[in-house]
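Participant: Sharing a structure here in structure tokens format.
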């Protein structure tokens, strides 16, 4: 693609995303489906603005690559070892069972048995990009079903390697004298990557971080991700698997959070590009010609995968309320099918329009997943938010709560327990189905669903409540909820959780003055106890704590987020000197007056 054409394509992608995604969000169908529809609109079968879909689709796989790197950063080797049963048990069972059933059906549809095997394996895979994005949107990351879903996706990525190796064997084009030397060299190169990454990555990033230039650190992070992807691609392995391993190798390093922050903006844009590219690849001509065949194929594919996943979730012990979410979020075909079917086509395994039909089926199945998840959410909301079926009265009898607590993680639990202990009428909103079921057993008045939906807030009593306490894990959800409350429920007194100074600045800029940084108060309290243990009088330690809190808050309100680390360091040094002067004056005052305080703990 020429430079001018590439620039034009970039402008079209951005325009399509900016136009389609907000519209999709307003219609309530989700950002992923918005990207897919945008791709259909600008692709060769829509308005025809872009025709070179294959090249763009290959480039857009970088979105999945960046996503897998961030996932790897969140998992250390010990955590992966804990997931071994679900990865190689449930994951393997899902691929084998789904592939066997789907291959049998393809043989009944006049596919050669070799093509049916490849088709069954390709259709058995799910979309890593779509599933992880939807799991994040639906708050499944912390749930048991979300962890199991990730394990299944990870096994599918591992299964890419033998699946691609199987294609030439099925086509009968494999060399009679298997090149063991080439295989051994690939294994050796993979081992070198693991060992080298284990012992070299941290010293390299330590050297780069010492330069103090943020842009160089970001460039080094991009270099690592793209190099790992290119290296694995050269070995004939999954690019996403390579970057996932690189992320795991750095999961226990001190640079984990900085690496994640550097990659996150690129991941979001490239994932959007990936979904747009998938939409562009939808062959509407084949769809029109074989409409009934394709429609039946999509339904059969989704139903078979959902039944398989639901059965495995039940055998694994997942709660009944979470099984439907788990089964539906992995029910689509995946991006790996494009690679596998293209490889099989080059080996002449498919006949006529068979490959085109399979690709259309995969693409449409990906489009059904957001709608299916939305339907599952509505069903769960009616089931979990309806009237109590038993005769026991809930702890909260008043339909008009004083406070709405959004999120019932460790942070939200403490707040809710304190409010309930003081006889406050509260309602809790939570997206984790397991947490909802547990809370209801203990008599909490709780609603399941996404708190960023206006109707759910109304059902929870937002129009009559006095305050809302936002304890979301994701800062994006917090800011979205703040804007929603300010627009639709301006009478609510908003109190929020901030994960750090960046989120605190965002809340202040949005007009929220009542917030708590999740580690700040506990760290201050432990610091006060440390001062007392070193011989400082409890009263003096308490005053030191209050001074520090007051000065830090003043800095927080007055310090605009700076891009320069040196400016931040300079401001911090000034604040430290000011704090030392305050403490010196306090100590002189303490010596002049007798203090009657005693330790009261």
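Every residue, even glycine, has its Cβ placed from backbone N, Cα and C.
Swiss-Prot lists these features:
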type	residues	note
DOMAIN	400-519	domain 'RCK N-terminal'
TRANSMEM	4-24	transmembrane segment
TRANSMEM	29-49	transmembrane segment
TRANSMEM	55-75	transmembrane segment
TRANSMEM	87-107	transmembrane segment
TRANSMEM	111-131	transmembrane segment
TRANSMEM	152-172	transmembrane segment
TRANSMEM	177-197	transmembrane segment
TRANSMEM	207-227	transmembrane segment
TRANSMEM	230-250	transmembrane segment
TRANSMEM	262-282	transmembrane segment
TRANSMEM	324-344	transmembrane segment
TRANSMEM	356-376	transmembrane segment
Participant: Three or more CB pairs closer than 8 Å, sequence separation of 6 or more: does that hold for the transmembrane segment (152-172) against the transmembrane segment (230-250)?
Facilitator: yes
Participant: Which whole-number mean pLDDT does the model give the domain 'RCK N-terminal' (400-519)?
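Facilitator: Summing pLDDT over the domain 'RCK N-terminal' (400-519) and dividing by its length gives 83.
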Participant: Using DSSP, what's the helix, strand and coil tally for the domain 'RCK N-terminal' (400-519)?
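Facilitator: In the domain 'RCK N-terminal' (400-519), the DSSP-based counts are 50 helix, 26 strand, 44 coil.
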Participant: Given the transmembrane segment (4-24), which of the listed stretches 111-131, 207-227, 262-282, 324-344 has the most Cβ pairs that are under 8 Å apart from it?
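Facilitator: That would be 262-282.
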Participant: Out of 262-282, 324-344, 356-376, which stretch touches the transmembrane segment (29-49) the most, going by CB pairs under 8 Å?
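Facilitator: Maximum Cβ contact count belongs to 262-282.
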Participant: Select the range from 207-227, 262-282, 324-344 that forms the most Cβ-Cβ pairs under 8 Å with the transmembrane segment (356-376).
Facilitator: 324-344
Participant: May I ask for the residues of the chain that lie six or more residues beyond the transmembrane segment (262-282) and have a Cβ under 8 Å from a Cβ within it?
Facilitator: 13, 16-17, 21, 31-32, 35-46, 50, 53, 56-57, 59-67, 69-70, 129-130, 133, 217-218, 221-222, 225, 335, 338, 359-360, 363-364, 366
